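A.B. asks: Grabbed the feature section from TrEMBL, which reads as follows:
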- 21-224: domain 'MacB-like periplasmic core' (DOMAIN)
- 256-281: transmembrane segment (TRANSMEM)
- 260-373: domain 'ABC3 transporter permease C-terminal' (DOMAIN)
- 301-327: transmembrane segment (TRANSMEM)
- 347-365: transmembrane segment (TRANSMEM)
Amino acid sequence: MLPFTYAIRNLFRSKTRLAQTIGGSALVVLLVMTAVAVNTGMKRVLSASGSPHNVILIGAGSEESIQRSEVADRTAGIAEAGVPGISQHLGVRAVSSEIHYMNYLTLDDGRRGQALFRGVTHQALRVHPEVRVIEGNFPAAGEIMVGELAWRKLGMPEEALKTGTGVELDGQKMRVSGIFAAPGTVLESEVWATLGDLRVLAKRDTVSCIAIRLDNPADFEEAELFTKQRLDLELSALKESDYYARLTAFFKPLRAMTWITAGLIAAGALFGGINTLYAAFASRVREMATLQAIGFGKGSLLLSLIQESTLACLIGTLVASVIALLLLDGLTIPFSIGAFTLEISPAVALTGIATGVLLGLVGTLPPAIRCLKPALPTALRSS
């Protein structure tokens, strides 16, 4: 068995080859870590956005899109009286009429961005207890309240949506009344306005849905029974968690594309690394033959070559991990219905390490086997 120090000495024999191996492996590992962080981040925020206690009463046939749903105004009062198990606080039941509306928000300087607007009353805070007003006030007529990550979703600087700032929505002048937080959910990327204002701006006399908070998630069957008994209201009942689970499935192709893109680039880098190792090991055929002649077996030599390349790949993994922690951890990524934050968790880091080790093994085997393949007399005569 060759000593481990032999692999370390050979690692620094060619600075150019070492730099290429480290750079290539760092690129591949960084791409894999990014793909994992994007996939887990999007899935995490969509999963956390739906509460098992919440039920959405939506227009029948509009289960795939709340924005297209139409529910009569009177439905909120009927549901409040007809659905048992609704959560109460100080005698007030947690029932919220809401309008969901996608549109552009325009700043005074002409910049604009698209966001999901939610028309609500104060009742929304009872149904969505994760929402906390952290600055300013709940919106009144002519005002909006923005989520803490709305500026990311809109593609605007954070200071552009400070409390007191003037904005424009569909030609209507509005004022930012406050900022709210809803950690780990897509709600943090939304813009909230009064139900009355959004009804006028969206030009509708109905609401998108009725959101209800139940004391016990098991009471969902009662809400579902209510929609089946009141056929005149033309409603469907959805668990909020199920609605966001459907959105998770809807964005599955997008998440798959991140893997495909990372895989294609990683494959290119891997083949480039294999070519580099072929060239490097081709010049060491005589060296390997000499070691065989003095008693070292091919297995020991193969292990040493694998150690050498794996060490270089692990250095690249370390470089990629540092870059990921400095540049990616905490980065907010906007998507169509909100935004999510990348997190370089231990699971992501372990995936990166596993990728680095795999690169060292897979990338080394073909050129190493070819280097050790020639017969000993032939290898000793090679130049």
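We count from 1, first residue shown onward.
A Cβ is built for glycine as well, from the same backbone N, Cα and C atoms used for every other residue.
Quick caveat, the model's predicted, so the values are computed rather than measured.
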A.B. asks: Would you mind splitting the domain 'ABC3 transporter permease C-terminal' (260-373) into helix, strand and coil residue counts from DSSP?
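C.D. replies: Helix (H, G, I), strand (E, B), coil: 90 helix, 8 strand, 16 coil.
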A.B. asks: Residue list, the transmembrane segment (347-365) vs rest of chain: Cβ under 8 Å, 6 or more residues beyond ends.
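C.D. replies: Distant Cβ neighbours of the transmembrane segment (347-365) are 25, 28-30, 32-33, 36-37, 40, 270, 273-274, 277, 305-306, 308-314, 316-317, 320-321, 324.
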